[in-house]
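See structure below.
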Amino acid sequence: MDIKVAIQAAPFSMAYAYDEVLSERTDIGAVVSFTGLVRDFNETPDVTGLTLEHYPGMTERTLEAIGEQAGQRWALNAVRIIHRVGHMQPGDAIVRVLVASAHRREAFEACDFIMDYLKTQAPFWKKEHSAQGEYWVAERHSDQQDVARWKNI
Amino acid sequence: MHLTHLNTRGEANMVDVGDKQETRREAVASGRIVMQPETLTLLSDGQLPKGDVLATARIAGIQAAKRTHELIPLCHALALSKVSVEFEIDVAQSCVHVTSLCRLNGRTGVEMEALTAVSVACLTLYDMCKAVDKNMRIDAIQLDSKQGGQRGNYQRLSEQAPIVTGEGSAGEVSVSERCPSPCVCVKFLAELRERVGESETFVGLDTLSSRDIRGLKATLAARDSRYNLLADQRTLCAINQVMANDDALVTDNDEVAFFPPVTGG
């Protein structure tokens with residue numbers, strides 16, 4: 001299975017990886033993508049921006065491993081994961097996961113699975129900036145519940 | 001290099017700026033007032049007895065900038081075109097950051113005005129909060145940048161820690177050369193780095209109480225109480241970028257990273 005992972009400070013396009021994954025092949029029947037954006041409210045009501053830190057090296061390997069796990073659970077043609085680091089503003093895209101497969105169910109589920117694992121395992125940390133100052137974002141219990149769903153299936 | 005405010009006999013001297021070209025001048029200064037977390041909460045909630053602290057301090061700073069020439073002996077009176085005073089409440093460092101920008105088209109710089117605005121805004125914050133907190137401290141008042149004038153632009157270099165940790169790229173573990181005898185490189189990431197106050201340290205293998213993560217945590221905690229944070233249940237650990245628990249063994253040249261729960265996506 002074809003997995004590519006990218007970590008970058010620069011913004012990425014909303015069309016990221018779509019044409020590249022589909023070029024010169026006609027066996028793909030479904031493409032599902034998820035895009036995560038910076039919200040202007042989170043732990044405080046007026047988030048003005050955020051800074052994302054990661055652990056270079058471990059981040060890439062973790063994302064590749066998550067993509068490979070998805071490939072073992074479902075029949076997938078391609079997985080693309082791109083994640084931004086550094087400073088971002090509300091409305092900016094932080095992460096995009098794109099999954100291509102022959103049928104839609106695999107692509108939907110694999111995309112959901114990858115995001116659940118990314119949020120609970122990949123070494124990224126968010127610091128939010130707001131009118132009240134800046135603070136590190138706390139982990140969410142609901143993310144742990146989301147990832148636990150896949151362990152019971 | 002000479003001091004323009006002294007004449008050849010070393011006496012105070014107001015510089016004649018009559019022949020200088022008028023240029024657009026701008027200066028940004030900043031400072032901070034450190035206080036108890038409880039005081040900061042009262043301040044941000046508007047619960048202090050003297051009322052709206054930040055609005056008052058802002059007006060005080062702007063007024064002060066306009067009167068700088070009355071306070072600083074050899075300063076010229078300037079027709080400022082803009083003065084702004086901004087506040088940022090910093091919960092992590094329990095302080096209020098004060099920043100002032102002053103601008104004009106003129107023959108002399110405006111850094112004294114910006115520094116005066118910050119100083120008086122900080123003094124006003126002190127005055128407004130002193131009923132509940134006498135331990136407040138004003139510090140780090142400094143010029144951040146200035147533009148225009150014959151000596152050109154100035155920009156203070158940022159002293160902030162880099163946002164991205166380490167220099168390693170995919171599949172690569174960066175091993176430091178600063179460690180001649182058998183040792184491990186310990187990294188602290190994200191919030192843990194800020195709370196511990198450093199991004200990495202080295203621990204000799206021979207100094208470990210046991211050659212595993214548990215022993216590394218105990219050895220660090222014995223070295224300095226800051227490292228007690230590592231005992232927190234939430235603190236995660238990776239050896240050579242692979243997740244590890246307290247029983248995992250450490251060997252020479254290992255890179256051990258401690259970090260808080262992840263929050264990406």
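Even glycines carry a Cβ here, placed using N, Cα and C.
Cβ environment of B:D127 (active site): B:K50 lie under 8 Å away, each six or more residues apart in the same chain. Here TrEMBL flags B:D127 as active site.
The substrate binding site feature in TrEMBL is assigned to B:L74, B:C75, B:H76, B:M112, B:E113. Classification of B:C75 (substrate binding site) by DSSP places it in coil, neither helical nor stranded.
Positions annotated as domain 'Molybdopterin cofactor biosynthesis C (MoaC)' by TrEMBL: B:14-149.
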For the domain 'Molybdopterin cofactor biosynthesis C (MoaC)' (B:14-149), residues assigned helix / strand / coil by DSSP: 46 helix, 44 strand, 46 coil
Substrate site shell beyond B:L74, B:C75, B:H76, B:M112, B:E113, criterion: Cβ within 8 Å of Cβ centroid: B:T68, B:H69, B:I72, B:L78, B:T108
Other CB atoms, at most 10 A from the CB of B:E113 (substrate binding site): 29
For substrate: widest Cα to Cα gap among B:L74, B:C75, B:H76, B:M112, B:E113 in Å: 13
Residue with minimal Cβ packing [other Cβ atoms within 10 Å] among the binding-site residues B:L74, B:C75, B:M112: B:L74
